[in-house]
Ligand SMILES: Nc1ncnc2c1ncn2[C@@H]1O[C@H](COP(=O)(O)OP(=O)(O)OP(=O)(O)O)[C@@H](O)[C@H]1O
Ligand SMILES: [Mg+2]
């Protein structure tokens, strides 16, 4: 346990010194506040751009606060996920190729502890980024659109973070035996594949982790959702990724 | 007391046998040089000893325990090109290594500072590793390998990448360290091995060519040779020519006041030559008997 903390603090120190702990939350905050701002000011923006056919704005109805908040969280599914995968892709591959893994693996530690510490550090960064981003989005939504249920927001952000964490865990798994960029690419491809399956056949695949973004939106707009299946499958996927990465790391510890 | 017993250790990559059925025993407190040319299998052997590579065959028994027991706690390891986190400071890295070896935080800070002091990095301890020179990195590598007082220290070419000054510094350190713990270090320079170790394992193409105590090997492989040189331009040159005709000298090479004599009996030849030199008042510059030809042995093993 002490060794876990040692490794975890090292990971967090690296996040801090490489400014990952700063720029990822900043990206998430910007993404989060864009949605309420653009929604609110859309009519003005369109008007200012001039040549609008008359009557076009008459049908425009300001969406409700919950819908805007759901869209704001939805922003994290693309750029947010990309940013997280890029930040995670070298955490194992980089240690291996630079040779620092060699020094780490002669220490009396189980590979699983190393992987778990890395995973926990990525989880921390994700929580900080998504927490600040969602808080900023919520703040502007409430200011501009109207009130929101705090507990619904928390639940929605939680569901969304589980989806992002699945992608991060996949990146970690692939980076245990591939080069960083390939690992990020494959992880994003797997996430996109799951999303595609879910969007093509939603009723057959509503248990996939890819259903989590929809659930998160539903939580905000409807207030309650059937979360059990996707949450369970996401947790299982994440555990499998950690276990797989630990096994692979135990085997691939030397620079190739 | 036997610290490490290796039996039939092999590692194959596909068809290539990088390490081929090697066996050796290392006693506690010994300093052993793993000597061999590029590609001999030194790194592969050390990595197997460090538990980083699973052997294809063979067994490693540490401190009398069953083969397969995890002994990483008792191990200090310095890879051929150590990669330490550039964004950490030297002190942070050694503390990190100490804690991972199981030393509690407070003690870790203390022993790490001592280890840095030890390798002469106390002043640079707070600087980022990214700004260290090659010699400083190597010394930091030694500090992290030493900090938990391991029973066995594995060093992979600790001085090969260094300039003469860095090399000197690290060799001095190694000389100190070998008194405290068991050391195996690899090198492709015979001179490095002779400088600090009493035992060598000479590897070539994955197998052990020769192993044993350096002094014994020196005797065993020393040809009975006498080398001497005299002041040039004196009557001594004629004396050298006359020596070549003596019965105890089998072959000779003489050029410019220098002579190499192959002899049958070193002790006899030495006595006879020195007596004559004194008697004839010969201005001797250099005299060497039964000279070590480990270098020749090394070259022969490496060249074949
Ligand atoms: N991962 C690997 N895959 C395939 N062959 C390898 C691998 N690692 C080492 N070898 C081969 O094993 C042999 C021994 O390599 P090793 O690195 O142990 O030599 P070395 O004695 O350390 O040499 P050097 O002095 O250059 O460091 C070499 O022929 C090398 O090509
Ligand atoms: Mg080597």
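Cβ coordinates come from backbone N, Cα and C, glycine included.
As annotated by TrEMBL, transmembrane segment applies to A:21-42, A:62-88, A:109-142, A:154-175, A:182-201, A:225-248.
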For this session: Give residue numbers and ranges for long-range contacts of the transmembrane segment (A:62-88): same chain, 6 or more residues beyond its ends, CB-CB under 8 A.
Result: 20, 24, 27-28, 31-36, 39-40, 122, 125-126, 129-130, 133-134, 137-138, 141-142, 145-149, 152-153, 156-157, 160, 163-164, 167-168, 171-172, 175, 184, 187-188, 191, 213, 216-217, 220-221
Exercise. What else in the chain is close to the transmembrane segment (A:154-175), if you only count residues 6 or more beyond its ends and a Cβ gap under 8 Å?
Worked result: 69-70, 73, 76-77, 80-81, 84-85, 88-93, 115, 118-119, 122-123, 126-127, 130-131, 134, 182-184, 186-188, 190-191, 209-210, 212-213, 215-217, 219-220, 225, 227, 230-231, 234-235, 237-238, 241-242, 244-245, 248
Problem set entry | Chain residues outside the transmembrane segment (A:182-201) and at least six past its termini with a C-beta under 8 angstroms from it | 81-82, 85-86, 88-89, 93, 166-168, 170-171, 173-175, 208-211, 213-214
Problem set entry | Residues of the parent chain within Cβ reach of the transmembrane segment (A:21-42), under 8 Å, 6 or more residues beyond its termini | 12, 15, 60, 62-63, 68-69, 71-76, 79-80, 83-84, 87, 125, 128-130, 132-137, 139-141, 143-145
